[in-house]
Amino acid sequence: MAETTVEKLATEVGKSADRLVEQFSDAGIKKSKTDSVSEAEKQQLLEFLKKQHGGDSAPTKMTLQRKSVSTLSVGTGSDSKDVKVEVRKKRTFVKRDPAAEAEAEAAAKLEAEAKAAAEAAAKAQADAEAKAKAEAKAKADAEAKEKAKANAAAKAKTAPTAEEKAAQDEADRLQAAKDDVAKAKADEEAKAAAEAARILAEENSARWAEEEKQRKELEKNVDHHVTTSSEARAAEDTADANAEKRDRRPRKAPAAAPANAPANTGKGKRRGGKDNRRDSRNARGGRNARNNRSVAPESMDHAFTKPVAVVKTDVSIGETVSVAELASKMSIKATEIIKQMMKMGSMVTINQVLDQETAQLVAEEMGHKVVLIRENELEHQVLADRDGNIQAESRAPVVTIMGHVDHGKTSLLDHIRMAKVASGEAGGITQHIGAYHVETDNGMITFLDTPGHAAFTAMRARGAKATDIVILVVAADDGVMPQTIEAIQHAKAGGVPLIVAVNKMDKPEADPERVKSELSQHGVMSEDWGGNNMFVHVSAKSGEGIDELLEGILLEAEVLELKAIREGMAAGVVVESKLDKGRGPVATVLVQEGTLKQGDIVLCGLEYGKVRAMRDENGRSVTEAGPSIPVEILGLSGVPSAGDEATVVRDERKAREVALYRQGKFRDIKLARQQKSKLENMFANMTEGEVQELNIVLKADVQGSLEAICDSLNGLSTDEVKVNIIARGVGGLTETDASLAAASNAIMVGFNVRADAQARKVIESESVDLRYYSIIYQLIDEVRDAMSGLLAPEFKQEIIGLAEVRDVFKSPKIGAIAGCMVTEGTIKRSAPIRVLRDNVVIYEGELESLRRFKDDVNDVRNGMECGIGVKNYNDVRVGDQIEVFETVEIARSL
């Protein structure tokens, strides 16, 4: 390797040779221009220059800062406030200078050497001192031995004479005799004291044992802690009283006391008690503590005794009770009940309402005795207060006509009643329960006509519950349908006999045998086939078989032996209810027993009232209605729910109390069912914000239609779109409904009702979407369409063209240009593309240029050649395929 001289190094670094020689000299290296430079010298010069210009490679000082933010909850009264706490930490690291480190290491080394030398010198000195001490000790021992020998010799020389020894012995004997006398006297005194102590112990042993027992009990039960002033004062009084009792006990008078000495009286002892109390207070730091001598108090134990066992109480629990109320009854904290409920697997809050069974389990689990209270005692008393000793009489059968929609139920009833009801129904389908009674030659029959539409399940269930016989209408040309099967299930669930009316027998395509065969698959067997169900072939249009059907109904009723109390207080069931604008709440009641009269007090579910007017199914006013008679009653406090029991009571005030109690109970039960803390609801709430909601304000003419519409609309809800009925009711659309719909961005839906003038003004000013319907089909279909508009759209990619690369050209401006032949569809300049090689997508992007010959074009059709430049992609090869596609939005529907 060639040597590097100073001149050559100066040429490489771009400096003059003289300047480089000076820098070498400053770095402590003596060089001339012709001298060679080694790598070590180069490195030494470089380090010198770095230090001189402050260009060290690594920083000598580094500061790290750390900041953490936390939240502290601070309670202020009943509220809590979150305070942010920010903690900042700063730490600085300093890198020492290598020269300083070397100096420090040298100094430390010198210090260690000096320390080692000092330790060696100290050790040598200690060894010398120990050796000197050992020599001095040996010398002292030798001197002591010599001195002892000298003393023994001197003693031997000066031994006592015989006379001196005898005198000494006599003195010792006299001293021993004196000691024996003193010892005997002390023994006698000790025996006397022991005898006195034994006598005192025998006299007071029982009392001392009792006091010791009480003291141990106090120590066991009393929890020592800092007491309040009132507790300390009470403890002092107790201690003073005990001290006075002890002082009043008779004691033996001292022998040295004079005969005329004044005896201590109770009064004086009382003063002593006060003095003791004062001394105790002074010891605590009372007002006279500075002027009196401090005396330790006798006792600071307070009078409270800590309970050592669980206090078991009788807990009275009603039908519903909140967690806070239950804790108050058990005299414990609500948190204890919450902990117990968590152990039992249920998450509750302090204000949550528990049902009676749950509260009973919790209370019994915590060791308390439970007393169940029936809060509806007044309700039982009111309903039990009936007219007695009344004989039951035969009554007319209640017949419910059920079947699939458009199978001719209402038309059949029209022919029986000789009236036109079906023509008055919107769309020709029944949307209410119609209650009618018909007088025949053989007796009276009450008919309930139920809707056959799928939405009216609850109505059909109520009809089957309040009926005696079910007539199942099946169209001979249509056969068994879904609502036909549902009607069979309702009849079987209610245990009601079933009569099958095969309708539309006048049609040429009627096939009654097919109907029998299909019904037999669902457990309905004809009497001709050995079953128990009567089959009657009828035609609502021609009247064929109507008389046979009525005879079959009356025959079945005679077999059932239907009886009811005709006189006395009435009871029945609400078949239908609505809110009439002119008449108020109107309820259709089917009387089941007794006689309902105008002026009676009626308790109807959550509502009550006095019957102000009664109308029959034809709209005529009546004053009374017996068993199996349907009537409309006016005068209730509100619209009752269809299916509620209607009962006549004696006292309007008690009826009001029962109605209010039922309303509160209904509200409590509703709250008890809202378990928001359940795990399954937790996951449902996590995706709640992703679901679109269609808000609806719904009003209908009758309660039954309202229930049916609500059930149908709620059934339309999906995972993506939810129907939210924010308000519903019976009656016309009011200004309040319109304001609510405007505030919540809801659709107003009126089913056989209209909006009043004030509501229309709000609807026009707020541009609220208002829709009227009279047929439930149309309502459900339009709501479904509105929900479809809220669905997130789907996007689909459609291939619109395919080109094959035949050759590749290079362009200096664009890059690789693919000469292509369009084999399918059309190549568009604005559409995105994919590059395929061996039918595998290798690139996805967009076109940069599209030319035919030398002209820029927007599209190239099938069978034509073109030049394609792919943006940001140059790896186009012969044989590749360029696929052009576009994204198409597809509207979704439910």
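Backbone N, Cα and C atoms are what each Cβ position is placed from, and that goes for glycine too.
Ranges compared are 89-92, 449-452, and Swiss-Prot records region 'G3' for 449-452. Per-residue pLDDT, averaged across the region 'G1' (403-410), gives 74. All chains included, 27 other C-beta atoms sit within 10 angstroms of the C-beta of GLY403 (GTP binding site).
Per DSSP, the compositional bias 'Basic and acidic residues' (106-116) is made up of 11 helix, 0 strand, 0 coil. Ranking the binding-site residues ASP406, LYS409, MET505 by how many Cβ atoms sit within 10 Å of each one's Cβ puts LYS409 at the top.
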